[in-house]
Amino acid sequence: MQQQIGIFEAIVLGFVQGITEYFPISSTAHLRVVPALLGWADPGTAYSAVIQLGSLLAVLTYFYKDLVEILSGTVRALRTGDTQSREVRLFWGIILGTIPIVIAGLALKSTLEAPGSPLRALSVIAVASIVMAALLWLSESLGKRTRTMKGIRVIDGILIGCAQALALVPGVSRSGSTLTAALFLGFQRADGARFSFLLAIPAIFLSGLLELKVLVDEGFSGGIGPIVAGFVSSTVFSYLAIAWLLKFLQTRSTLVFVIYRFFFGALLLGLLAAGLLPDIEPVRQALNLP
């Protein structure tokens, strides 16, 4: 069921979505946690997925030239028979890399959207944030960072796509899991992030389109205004986040995000243990939280 959301709340949630979708810190987690901290209702998976379409518009705009090159290069390769061109490898890497999250998403859809789903519990988000922080740190420590987009293989896309499927669990982070996988595979940070963002396009599109249908069927019970406000806010801040992060990763490591994720997860666990944040009832009882 769609929650009632005001214009101001929508703009704030769009800002949160835009900044956190492409930073490796989990947009879904922050869209769940920020409302809880501010005393707002959980916007739900449908609204969250629809404002992700703003993030989709941003990445399509930012990578417009890349996408044109990939598509035109693939069409050209079909004519010439050059199946090993960079554009063809990127194309199939993105297409095949999207399959794991589609399969997992369909399998878990009812669980993720069920009222009081344990997967949307704040305690789950906290643990996922800490675990992914550790994995991101390991990928920074062990990754060789010698590979670029020029040498990407289709199998790289599939492996990174499998990592993307983990992001269905709030707190994992789509960009976090895919960037971590890319670093483990030896990619340079900025190149890993670029492929991560390109790989996100089909997944965000399919997810947002599916949930948009849900909101249309419900007749926009929360009003069209908050949806538009959240979409515009998400678009603007997503574009800024993409541009900033790619420039940042050219010279810096992801350590700042590792530290943030550790503290974010630890803070959540502390607030839950102190009874200052409510968790989903079955999880709260299982963990004996106040």
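A Cβ is built for glycine as well, from the same backbone N, Cα and C atoms used for every other residue.
The feature transmembrane segment is assigned by Swiss-Prot to 5-25, 44-64, 88-108, 122-142, 152-172, 195-215, 226-246, 255-275, with sequence analysis given as support.
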Considering the transmembrane segment (226-246), which listed stretch of 5-25, 88-108, 122-142, 152-172, 195-215 counts the most C-beta pairs under 8 Å: 5-25
Beyond the flanks of the transmembrane segment (88-108) by at least 6 residues, Cβ under 8 Å: 70-71, 73-74, 77, 82, 119, 149, 152-154, 156-162, 164-165, 167-168, 195, 198-199, 201-203, 206-207
Stretch with greatest number of CB pairs under 8 Å, the transmembrane segment (44-64) reference, 5-25, 122-142, 152-172, 195-215, 255-275 candidates: 195-215
